[in-house]
Amino acid sequence: MTTVLQRRESASAWERFCSFITSTNNRLYIGWFGVLMIPTLLTAVTCFVIAFIGAPPVDIDGIREPVAGSLLYGNNIITGAVVPSSNAIGLHLYPIWEAASLDEWLYNGGPYQLIIFHYMIGCICYLGRQWEYSYRLGMRPWICVAYSAPLAATYSVFLIYPLGQGSFSDGMPLGISGTFNFMFVFQAEHNILMHPFHMFGVAGVLGGSLFAAMHGSLVSSTLVRETTEGESANYGYKFGQEEETYNIVAAHGYFGRLIFQYASFSNSRSLHFFLGAWPVVCIWLTAMGISTMAFNLNGFNFNHSIVDSQGNVVNTWADVLNRANLGFEVMHERNAHNFPLDLAAGESAPVALTAPVING
């Protein structure tokens with residue numbers, strides 16, 4: 001008998017790297033999207049932490065009135081934020097090497113652009129990584145589809161809205177109070193509360209919370225008991241078991257009699273599709289609403305829509321909301337604007353009849 005031994009050629013370093021990156025046996029799946037996701041998110045997080053702690057004030061309105069957002073300049077966790085880049089920069093990309101000095105880059109809010117661009121790249125790579133991991137495991141791709149809803153919302157406030165308004169200074173600040181300030185100003189300028197797509201978003205968030213609470217409570221209340229009365233019902237469950245862990249027939253019967261028959265799902269797949277689709281579709285619509293309002297296609301205006309027989313205005317809640325919008329409008333960027341168009345009451349008057357003579 002003859003035995004032939006053949007030496008196996010060792011894999012190249014590139015092949016070993018590819019095998020490691022695409023392996024589904026790693027504790028954390030990396031994937032090709034992860035190769036780009038990891039450095040971009042690390043860059044965004046590192047710059048955010050440093051800027052939140054110690055960035056100097058930023059001339060956000062471009063009028064030489066810097067706004068402080070970091071902890072070392074007197075803010076706390078609630079009021080602190082990474083202030084958006086200056087209105088003097090507009091939509092220009094502003095990397096460090098475009099500034100004359102590091103101080104100038106910080107003064108004009110360069111860290112904001114660095115953070116949001118790396119963050120948006122990292123987030124969309126995270127979506128791609130979800131699809132890639134599902135593909136390698138033979139799963140369907142709906143996880144990344146669901147994640148696309150918050151991703152669309154992120155892109156709408158950090159990219160689409162500044163593009164529509166003409167400056168990254170209109171982007172959402174990276175902080176708690178900054179987020180609320182962004183919401184108030186958005187309401188004042190676009191009347192988002194009266195936009196149908198925002199109403200869908202409210203229905204998606206609040207309705208999704210309600211549906212999740214209802215589903216979780218029904219499942220927890222109809223667990224199939226495999227233990228004695230003296231033991232927790234949780235001990236009767238084994239990870240990966242083939243049997244149903246709860247009785248969907250009992251849950252369907254309970255909920256159908258609590259409200260009415262057709263308000264309850266009898267099919268588990270239909271139920272879980274609805275639980276996933278409802279908030280996702282509504283957040284998609286919200287992102288679409290912000291993206292359209294970015295180009296000033298604003299919410300409905302029902303101001304002074306009701307008058308009596310004498311022609312006098314009968315105020316409605318739309319008029320109350322409009323007064324609140326005007327209050328927000330005059331409070332923000334107080335020194336950056338003079339007489340906003342929606343507050344101008346009379347005809348415009350010239351402030352100078354002739355050009356001044358400069359002797360110098």
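Sequential numbering from 1, following the chain as shown.
Glycine is no exception: its Cβ is also placed from the backbone N, Cα and C atoms.
Non-local neighbours of the transmembrane segment (29-46) in the same chain are 20-23, 114-116, 118-119, 121-122, 125-129, 132-133, 136; each lies 6+ residues outside the stretch with a CB under 8 Å from one of its CB atoms. The transmembrane segment annotation in Swiss-Prot covers 29-46 (among others).
Taken from Swiss-Prot, the feature chlorophyll a ChlzD1 binding site applies to His118. Note on His118 (chlorophyll a ChlzD1 binding site): other Cβ atoms within 10 Å of its Cβ, all shown chains, come to 20.
The transmembrane segment annotation in Swiss-Prot covers 118-133 (among others), and the record cites sequence analysis as its basis. Counting same-chain residues at least six beyond the ends of the transmembrane segment (118-133), those with a Cβ under 8 angstroms from any Cβ of the stretch are 24, 29-34, 36-37, 40-41, 43-44, 47, 141, 143-144, 147-148, 151, 154-155, 158-159.
Annotated pheophytin a binding site per Swiss-Prot: Tyr126, in sequence order, evidence recorded as sequence analysis. The Cβ neighbour count for Tyr126 (pheophytin a binding site), using a 10 Å radius over every protein chain in view, is 17.
Note on the transmembrane segment (142-156): residues 119-120, 123-124, 126-128, 130-131, 134, 276, 279-281, 283-284, 286-288, 290-291, 294 of its chain, located 6 or more positions outside it, place their CB under 8 angstroms from a CB of the stretch. Feature annotation from Swiss-Prot assigns transmembrane segment to 142-156 (among others); the stated evidence is sequence analysis.
Its own atom aside, the Cβ of Tyr161 (site 'Tyrosine radical intermediate') has 22 Cβ atoms within 10 angstroms in the protein chains shown. Secondary structure at Tyr161 (site 'Tyrosine radical intermediate'), as computed by DSSP, is helix. Per Swiss-Prot, the feature site 'Tyrosine radical intermediate' maps to Tyr161.
The annotation [CaMn4O5] cluster binding site is assigned in Swiss-Prot to Asp170, Glu189, His332, Glu333, Asp342, Ala344. Classification of Asp170 ([CaMn4O5] cluster binding site) by DSSP places it within a helix. A 10 Å cutoff on Cβ-Cβ distances gives Asp170 ([CaMn4O5] cluster binding site) a total of 20 other Cβ atoms nearby, all chains included.
Swiss-Prot lists His190 with the feature site 'Stabilizes free radical intermediate', giving sequence analysis as the kind of evidence. Counting every protein chain shown, the number of other Cβ atoms lying within 10 Å of the Cβ of His190 (site 'Stabilizes free radical intermediate') is 23.
Residues annotated as transmembrane segment in Swiss-Prot, with sequence analysis given as evidence: 197-218 (among others).
As annotated by Swiss-Prot, chlorophyll a PD1 binding site applies to His198. With a 10 A radius on its CB, His198 (chlorophyll a PD1 binding site) counts 21 other CB atoms from all the protein chains.
Cβ neighbour count for His215 (Fe cation binding site) (all protein chains, 10 Å cutoff from its Cβ): 17. Under DSSP, His215 (Fe cation binding site) is assigned to a helix (H, G or I) in the three-state scheme. Summarising the annotation, Swiss-Prot assigns Fe cation binding site to His215, His272.
Within 10 Å of the C-beta of Ser264 (quinone binding site) there are 18 other C-beta atoms, taking all protein chains into account. Look at Ser264 (quinone binding site): DSSP puts it in coil. What Swiss-Prot records for His215, Ser264, Phe265 is quinone binding site, and it gives sequence analysis as the kind of evidence.
The transmembrane segment annotation in Swiss-Prot covers 274-288 (among others).
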Secondary structure at Tyr126 (pheophytin a binding site), reduced by DSSP to three states: helix
Residues from the same chain, set at least six apart from the ends of the transmembrane segment (197-218), whose C-beta lies under 8 A from its own: 251, 254-255, 271, 274-275, 278-283, 285-286, 288-289, 292, 299
Rounded to the nearest Å - Cα separation of His190 (site 'Stabilizes free radical intermediate') and His198 (chlorophyll a PD1 binding site): 11
Span of the quinone site, taken as the largest CA to CA distance across His215, Ser264, Phe265 (Å, rounded to a whole number): 11
Could you tell me the C-alpha distance between His332 ([CaMn4O5] cluster binding site) and Tyr161 (site 'Tyrosine radical intermediate') in angstrom, no decimals? 18
Helix, strand or coil at Glu333 ([CaMn4O5] cluster binding site), per DSSP? coil
How many Å separate the Cα atoms of His118 (chlorophyll a ChlzD1 binding site) and Glu189 ([CaMn4O5] cluster binding site)? 28
